[in-house]
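Q: Following this message is one structure expressed as structure tokens.
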Amino acid sequence: MKNKLPPFIEIYRALIATPSISATEEALDQSNADLITLLADWFKDLGFNVEVQPVPGTRNKFNMLASCGQGAGGLLLAGHTDTVPFDDGRWTRDPFTLTEHDGKLYGLGTADMKGFFAFILDALRDVDVTKLAKPLYILATADEETSMAGARYFAETTALRPDCAIIGEPTSLQPVRAHKGHISNAIRIQGQSGHSSDPARGVNAIELMHDAIGHILQLRDNLKERYHYDAFTVPYPTLNLGHIHGGDASNRICACCELHMDIRPLPGMTLNELNGLLNDALAPVSERWPGRLTVDELHPPIPGYECPPNHKLVEVVEKLLGAKTEVVNYCTEAPFIQTLCPTLVLGPGSINQAHQPDEYLETRFIKPTRELITQVIHHFCWH
């Protein structure tokens with residue numbers, strides 16, 4: 001029953017008060033089960049059918065799919081339930097207590113992105129879901145902040161094919177139709193240790209890595225020359241050398257050296273293509289020193305994403321907002337949802353607040369976000 005649904009601000013408060021941190025470090029990682037239960041109960045109260053999906057390979061994490069209406073197509077509204085960890089020493093407020101001050105709602109997940117579910121639930125108060133002409137789906141995913149395991153698993157297993165989807169990440173209500181991907185690798189070189197007084201008796205891994213880095217930087221230049229997408233502020237794939245470590249003493253021949261690097265590919269570039277380019281770049285080192293160089297993923301890769309600029313979803317949202325779609329450099333779950341249907345990234349709050357101490361969402365987003373959600377539901381599910 002709709003009258004059982006708490007007021008908007010109390011929904012928001014309950015979501016923020018329910019910790020659901022994702023972290024690669026097991027001691028910090030938390031289940032999102034309690035948050036999923038909250039959402040599931042509220043959507044059931046609104047007349048939705050609810051399915052809770054355990055996500056394999058995670059520490060007790062779940063997706064939730066709430067659905068209402070019959071037939072094919074329809075609209076999917078999606079978002080993630082998890083947050084990043086927080087630095088207790090840098091927050092001036094309790095991260096798990098929603099605090100309103102000076103036109104801002106403070107709390108961990110207010111912008112990125114638990115608040116989106118509060119907006120959806122509040123907008124649905126005024127929607128008669130029994131009269132939907134096409135189905136409406138609400139997807140809440142797990143582990144976006146680490147592996148994106150929830151969105152990956154949902155996209156791999158669902159039979160749903162909505163007409164379109166909106167992911168409510170904080171874009172300041174500016175619609176995003178494309179973003180770059182992310183690939184991170186560890187390059188490891190195994191040398192042979194020995195006393196530095198006789199270099200010929202060992203194989204110095206740092207020297208081999210120096211050779212490998214030269215080839216990697218040549219790949220960086222080749223990517224910049226070969227691939228372009230002018231809509232991006234940085235209109236080519238970037239390659240960054242982010243971390244390196246090797247050796248343990250100045251008088252020992254270095255036995256092992258490890259380099260961490262990332263590539264941010266443009267939409268349309270395949271992960272297999274990029275892996276092939278990296279392997280080709282490192283081939284001279286591998287051929288000269290067989291068995292000493294390995295390449296491993298640091299995190300599951302995220303492909304680039306693009307929604308066709310002439311799709312109906314783009315046209316409708318641009319008309320409703322009076323704003324053109326944009327492209328951005330950060331990553332979301334959009335590449336995985338895009339395998340099901342055309343997808344936009346669009347939500348309240350600023351990406352500049354994501355992952356920051358004293359995270360907040362400005363209250364000026366409340367009214368236009370509620371109106372936008374109502375409008376897109378009416379457009380894609382009532383006609």
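Don't overthink the numbers, they just go from 1 along the chain as shown.
Here the Cβ of each residue, glycine as well, is placed from N, Cα and C on the backbone.
Quick paste of what Swiss-Prot says about this protein:
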- His80, Asp112, Glu169: Zn(2+) 1 binding site (BINDING)
- Asp82: active site (ACT_SITE)
- Asp112, Glu145, His355: Zn(2+) 2 binding site (BINDING)
- Glu144: active site (ACT_SITE)
Q: Let me know the most crowded of the recorded positions, choosing from Asp82, Glu145 and counting other Cβ atoms within 10 Å.
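A: Its Cβ has the most other Cβ atoms within 10 Å: Asp82.
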Q: Which ones are near Asp82 (active site): of the recorded positions Asp112, Glu144, Glu169, His355, which have a Cα within 10 Å?
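A: Those close enough are Asp112, Glu144.
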Q: Looking at the recorded positions Glu144, Glu145, His355, whose Cα is closest in space to that of Asp112 (Zn(2+) 1 binding site)?
A: His355
Q: Return the single residue from the binding-site residues list (His80, His355) that has the minimum number of other CB atoms within 10 Å.
A: His355
Q: Out of Asp112, Glu144, which has the highest number of nearby Cβ atoms, where nearby means within 10 Å of its Cβ, if these are the recorded positions?
A: Asp112
Q: Based on DSSP, name the secondary structure state of His80 (Zn(2+) 1 binding site): helix, strand or coil.
A: strand
Q: Would you identify the secondary structure of Glu145 (Zn(2+) 2 binding site) according to DSSP, in three states?
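A: For Glu145 (Zn(2+) 2 binding site) - judged by DSSP and reduced to three states - the answer is coil.
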Q: Looking at Cβ-Cβ distances, which residues of the chain lie under 8 angstroms from Glu169 (Zn(2+) 1 binding site) while being 6 or more apart from it?
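A: Same-chain residues close to Glu169 (Zn(2+) 1 binding site) (Cβ under 8 Å, separated by 6 or more) are Gly79, Asp112, Met113, Phe116, Val176, Thr332, Val345, Leu346, Gly347, Ile351.
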